[in-house]
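Q: Heads up, here are the entries from Swiss-Prot:
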- 1-19: signal peptide (SIGNAL)
- 60: active site (ACT_SITE)
- 69: site 'Role in lipopolysaccharide recognition' (SITE)
- 103: active site (ACT_SITE)
- 104: active site (ACT_SITE)
């Protein structure tokens, strides 16, 4: 619960910080190489829709874990979070999020990040996307020390709802988890 409150506090602090910047030059103090990154994040935060995330499943790859280990893992990765997202001028999706969920050992794992998806429209209401997410998370097995990560991300959009998935790579007995989550744009 503390981690969820921490994630929500970070979002509120970012909101206050974004509001304090002038809209004409929100990224003026950034180096020129990173200004486009700052500008896209700022645009997502200020123009994006509010999102509610929910998670519920983490599949551990049966080819990399022993059956008795699989039985000991939690695959009901219940959790949720908040975010902001938008489709840009090219129709691609950008999202900022803060979530917390139960990890494989039933410990709360928070994550804060940015995701980008190159999308293709199937029809007016359905889009499919493929991209990545960069994030900061912490885990009990790493002494709750925050660490960065980058993961592949796929999604299927239907009107205001989204089903997304990422694969956490690893080695035999570590990682190799398909994590599935959903999003509703409010």
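Along the chain as shown, residues are numbered 1 onward.
Glycine residues also receive a Cβ, built from the backbone N, Cα and C atoms like all the rest.
A quick note: this is a predicted structure, and the numbers were derived from the prediction, not measured.
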Q: Among the recorded positions 60, 69, whose Cβ has the fewest other Cβ atoms within 10 Å?
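A: It is 69 that, of the recorded positions 60, 69, has the fewest other Cβ atoms within 10 Å.
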Q: Could you give the Cα-Cα distance between residue 69 (site 'Role in lipopolysaccharide recognition') and residue 60 (active site), in whole Å?
A: 10
